[in-house]
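Below is one structure; the comments refer to it alone.
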Amino acid sequence: MEVSSSSNSPSTSTSSTSTDPNRNTHELQQMSKQKGGLITLPFIIANEAFEKVASYGLLPNMILYLMKDYHMTIPTGTSVLSIWSGVTNFTPIIGAFFSDSYLGRFWTITFGSIASLLGMTLLWFTAVFPQTKPPHCELFSKDCRSSTAAQLSLLFSSFILMSIGAGGIRACSISFGADQLHKKDNQSYDRLLQNFFNWYYASAGISVVLALTVIVYIQDKFGWKVGFGVPAILMFISAASFIFASSYYIKVNANKSLFSGFAHVIAASVKNKHFVLPPEDEDGCYHHYKDSILTVPTQKLRFLNKACMITDHDKDLNPNGSASNPWRLCTVDQVEEFKSLLKVMPIWSTGIMLGVALSQSTLPILQANSMDRHITSKFQIPAGSFGTFVVISLAIWVGIYDRLLLPLLVKFTGRPYGLSFKELMGIGLVFSILSLATSAIVEGIRRKTAIREGLSGNPQGIVHMSAMWLIPQNCLLGLAEAFNAIGQTEFYYSECPKSMGSIATSLNGLCSAVGSLIVGLLINIVDDITKRGGKNSWVPNNINNGHYDYYYWLLTILSSINLVYFLVCCWAYGPTAEERLLPSKEVEEEENQDELKELKEKEEERQELIKSQTLQNMMSSG
């Protein structure tokens, strides 16, 4: 995901979305005379596609690798993978910051590709060289030796490098590709950009499906050496192909990150906390860009207004009108952007529980691994491939909603976007509750079947119950993410200034990151509490002897409470920009004409944001 750029010059706009064709226009025109164009796009698309096939193919079966080869318990392994997943979802925000502020997109992607390659190579080494792991022993045996600090350091180093690499590549690829098409004499820029987006999204979606099927199957069929070696080779091809075309790329220099502006607002408001604010609506007391329509900050969150308050024009401003110290004086635009972010945070926080539901990747794999996965007598679906149903249902539903249902809903409701943003998010949360409840019911049936068949003491035994029972919960989870992704993307894009359009993907990625971290914390808390007094833990290594159905019911209850919290947040937030237009369905009222026109003009950019967010959530689901 790419973070918008902002400039400290008062003569420029605050920021622009990362794919804005007007961003650094002069610089792009100068650099694009001999570089860029369609010839560079296959290298950029291939780079991200190979990276996704390689990285997402590693996660599904990783819990089995940690348990069998590193002798980790289920709670410990789940915590490790949750932290890894959380960090990986968070690093694109850091990658975007460094790209916009310091390195530029090309070098960020290059360093990311090298880091991912090193991480996957280290992971492959752990499978090839026996010294990198504790001695082999039977799974769940009490005589298994624990991993040494050096062995765990090597394993965790591979995870960290892959997370850093993902942050560099995913933060910049789509915007870097858009840079290559921006030429002065390119009359078909919009059409080419749309085609690039379509190819990018299609290749990324196919990559995830291949990762969850082909790579997982290779690991199941040929073992960890081949299963980890193939992703490492793919990552080498990814990095090599991207660097090979280096001389052909348009490379835009780093500018200023929108998040840097947020840091400036926080620092300036703290440093200026003793200032006394001028009377309301008094102009000339606040620093603003030369052509900005915002010359006075709003009265909401007034303490932040001190960040843009001028106390001494000669001392605070340079001769050209810019702030002499941006850490002490910000613009009104920067303050209002930060206020917009703070305002949406309560509703944003309601998506964390959905992130928790999506991050339950290890338990479904253990369930599937204990069930009959055969489609034919000779072929069975790999346990790690059932997450594909989340991705497939998500993608299918977004396509149906965008192309078929949305036009009908617009016509039926009279709203520009069909269902309201809050309704879409709420429906998504309801589907997540249904998915968790279904998971609890299916696990309860699976456990009872295992006990009835005498497998309570045999965690590796196969229950005579089809793993296809796991498909409904995965499909419901895909629908939950589809509804919530569309709703959150539209909500952020509608309620925040246009310059913050890319914040939508950043916030959703952050939701997934926080949700992943909570999973690791929660499962350890449940394990610690439920085994007190000599009782059996709900989440032991032997899933047939535990109560993972109770754990799913706990998540269902927490998600239900979160739904109530969401309703309270919606009430407290008040009407959105879209809802404020609803009383004027005839659109003849002059005062609403401009606002309605602005909403309609946002539609095309909104569609691209939805595609981008859908892609990110497909990644998280995988």
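Yeah, the Cβs are placed from backbone N, Cα and C, and that goes for glycine too.
TrEMBL annotations: computationally assigned, not manually curated.
Copied over from TrEMBL:
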- 1-19: compositional bias 'Low complexity' (COMPBIAS)
- 594-609: compositional bias 'Basic and acidic residues' (COMPBIAS)
- 612-622: compositional bias 'Polar residues' (COMPBIAS)
- 1-31: region 'Disordered' (REGION)
- 584-622: region 'Disordered' (REGION)
- 72-94: transmembrane segment (TRANSMEM)
- 106-129: transmembrane segment (TRANSMEM)
- 150-178: transmembrane segment (TRANSMEM)
- 198-218: transmembrane segment (TRANSMEM)
- 230-250: transmembrane segment (TRANSMEM)
- 386-404: transmembrane segment (TRANSMEM)
- 424-442: transmembrane segment (TRANSMEM)
- 507-526: transmembrane segment (TRANSMEM)
- 550-574: transmembrane segment (TRANSMEM)
Segment proximity, the transmembrane segment (550-574) to the transmembrane segment (150-178), 3 or more C-beta pairs under 8 Å: no
Close approaches to the transmembrane segment (424-442) from elsewhere in its chain (Cβ under 8 angstroms; 6 or more beyond its ends): 347, 350-351, 353-354, 357, 360, 364, 367, 469-470, 472-474, 476-477, 479-488, 490-491, 549-550, 552-553, 555-556, 559-560, 562-563, 566-567, 570
Among 106-129, 198-218, 507-526, stretch most in contact with the transmembrane segment (550-574) (C-beta, under 8 angstroms): 507-526
Feature contact check the transmembrane segment (72-94) with the transmembrane segment (507-526), CB under 8 Å, 3 or more pairs: yes
Per Cβ pairs under 8 Å, the stretch of 72-94, 198-218, 230-250 packing most closely against the transmembrane segment (106-129): 230-250
Same-chain residues at least 6 beyond the ends of the transmembrane segment (198-218) whose Cβ lies under 8 Å from its Cβ atoms: 41, 45, 48-50, 52-58, 60-61, 173-174, 177, 226-227, 230-231, 382, 384-385, 387-388, 391-392, 395, 611, 614-615, 618-619, 622
Close approaches to the transmembrane segment (230-250) from elsewhere in its chain (Cβ under 8 angstroms; 6 or more beyond its ends): 28, 31-32, 35-36, 39-40, 43-44, 46-51, 53-55, 57-58, 106, 109-110, 113-114, 116-117, 120-121, 123-124, 176, 179-180, 182, 215, 218
